[in-house]
Every structure is written in C-alpha cells, then in structure tokens.
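Noted in TrEMBL for the protein shown:
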TRANSMEM  12-38  transmembrane segment
DOMAIN    264-339  domain 'PDZ'
Amino acid sequence: MAEIEVKNKKRFSFVKGLITFVLVITVFSLCLIAFYLLRPKVSDWIEGLKEGKVTENLKTVVTSEENVVIDVVKKTQPSVVSIAVSQMDFQPGQGIVDTSSNIGTGFIVDNSGIIVTNQHVVSDSTEEYKVITSEGKEFKVDEILVDNVNDIAILKIKGNKLSAIKLGNSDNLQVGQLVIAIGTPLGDYAGSVTTGVISGLNRSVSTKADFFGTTTKEYYDVIQTDAAINPGNSGGPLINSSGEVIGVNFATTAGADNISFALPINVVKSRLEEYRKYGKFIRPYIGVEYQMISEEAALYYRNVVAGALVVRVVSDSPASKAGLKKGDIITEINGEKMSKSLATVVQGYKVGEELTLKLWRDGKTVEVKLKLEEAS
C-alpha cells in the first residue's frame, strides 16, 4: 500500500507541473500577441510625449474655447456702448468743464441709432443722457422710451452707419451653455468682458427698481448666469457663442458670488417691434392699484387667499367697466393662478384681448370678463 501511495503522489506532481507549464506558455503567448498589436499605438504615444504632441492636443482644446470668446468679442464689442449722465460743472481755474460720468451700458440694435438698455439706468427724467461708443464718439440721447414692468429702455440717438448687434432667441437656451457679458463695470472700465455659463432659466428675482436703490421690484422668467455683472454693467448684452444677444444684463445678488441675472431678449424684441411700428410701446392696461398676497401670507392670515389684492380701481378703466371693487382679490386670469405679479401676467396679453378674471370677494368666488385697453 505504501508503494502505491508513493506512485500516486509522483503522478499527481507530474500532472500539476504539466498544467503549470501550459498556463505559463499560454500567458506568455497572450502577452506577446498583445504587445504586437499595441506596439504601434504605444510607439506613437511615446513619440508624442517626446515631441509634445499630447500637450499640443490639450492646448488645442483650450485654445478653441478661447478663440470662440475672442471672435465673439471682436464681432460684438463695437456694438456695445456706455450710457453717461451729461454734466457741465464750473471748476476753479478751468472754467466750465465736462464732468460726465458713466452709469450703465447699452447696445446698438439698429445702425440708425436705436439702443437698448435698462430702464433703471435712465430712470431720472431730469437728467440729460449721452451715449459713448467703443470708438469714443459721443451722442446726445434724443428720445427715451421705458418699459417699467420689464426694466427695459430704448434710446434714440442721431447716428448712422453704427454697428448693430444681432439678436438671438431666448426661448432656445440651455443650462450650461457658454455666455459672454460686455459692459462698463463700476462706470470706469468700458468694454470689459466676462464669461460664464447659463446657470438657470425661468428664475424669479427681487432687485432695485431705480438707480438709487430706493425701491425694489420683482422680475420673473429671467436668466441666471455666473458671468460677473457689476454696477455699470446694467443694460449690457449677454451674448451666446454665435455672437447673438440672448439677454440684457440687469442685476447681481448682493453677498453672493457668481449669481447674476439677465432679461430674456425675446421680451426686448417684442418692444422693439412695437417701437418700430408705432413709435411707442403698446402696453395692455387693467386699471387697478394692487398689492400681491403670497401663499405664505394667505396661510398666515387665513381670512384671505393668494393673489392680487385690489386697493384702488381707476375710474373709467377696464377694471371699473368690468365691475371690480376695492378689496377684491384676483386669484386667476384665464385659468392662470397669480404666482407672478399682476403686471407681469397682464403683459403676456395684447390690447383688445378679453380676459376672464376669477375674484375672491366677500368669501366667495366670482368670475368677471375684462377687455384690455392700451395704457396712456
């Protein structure tokens, strides 16, 4: 029995050694085949390291993005202007000198001298404003039209052969896409360029309603970006990688870095269309003074509902003709709940359209029909 056991052990050792030998040969063969197949690519990679081609490829990617910004700035910067307050002061030893100061930015949308900026930039009707082009040419502002609801102003100057910028489509924006802002930050650095991406769409923001910041205003459906926008940049263009304006820069959030906002350009385009056709803005009008009641306030007070509380009805207005009363709360317009300000909702309709208003009156729901008229 001992002899048989020894023979079995020897046979097992032989088989084990044979299997190990076959495995080693197989692995070695596979390595040779892999090396043979990958040798050209490895050689190219090593040569690329020697010649700096890998670094060059990385640089090409970076340079391509830089070139987009550079090309867009070259194309659009001549259309961006500074908005200044015209001031002539007496200086001892110098006499009367021009002490004008830049207060905002705008951009040329028509080579005949039509310029877009923010309403709050030119909100002081007692001041005289002028436009300074990227070439340093100065033009007196002859006409100002303002849209207080959307913080838009259109300026008219006597100019010709000016460089107009192309307007894009703000309905097709995507979060993450590259944007470029050009303006006059702090009123001193005309033509300054900042870049970023679209951080969000359809945002709501509360911001200053005038240049001095004495009142605030709520804006809806605006563009959020991380491109730096500072005082003086207001009214400047937010531009896409094709060199088209997709927004009007108008606000930044105090105490928060990289959070700025722009008004969608499609709102501006509708105002431009009205100006070119009628020489003025055609604004729909209801004829009430109101105070918005939020969902939170309605829950807190319990005896009210969310909506627009009517505090005064203008006589002979659409609201007066429709039978609205002081104390009514407008909760819906054409089935749309009042999640935005009344003025913003009304701006979405045209003069002459008939609206169905749902009101909360004396604890009951009432519906009335109202036909929009043109604001005087």
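Here the Cβ of each residue, glycine as well, is placed from N, Cα and C on the backbone.
TrEMBL annotations: computationally assigned, not manually curated.
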*Over the domain 'PDZ' (264-339), what is the model's mean pLDDT?*
91
*If you run through the domain 'PDZ' (264-339) with DSSP, how many residues end up as helix, strand and coil?*
26 helix, 23 strand, 27 coil
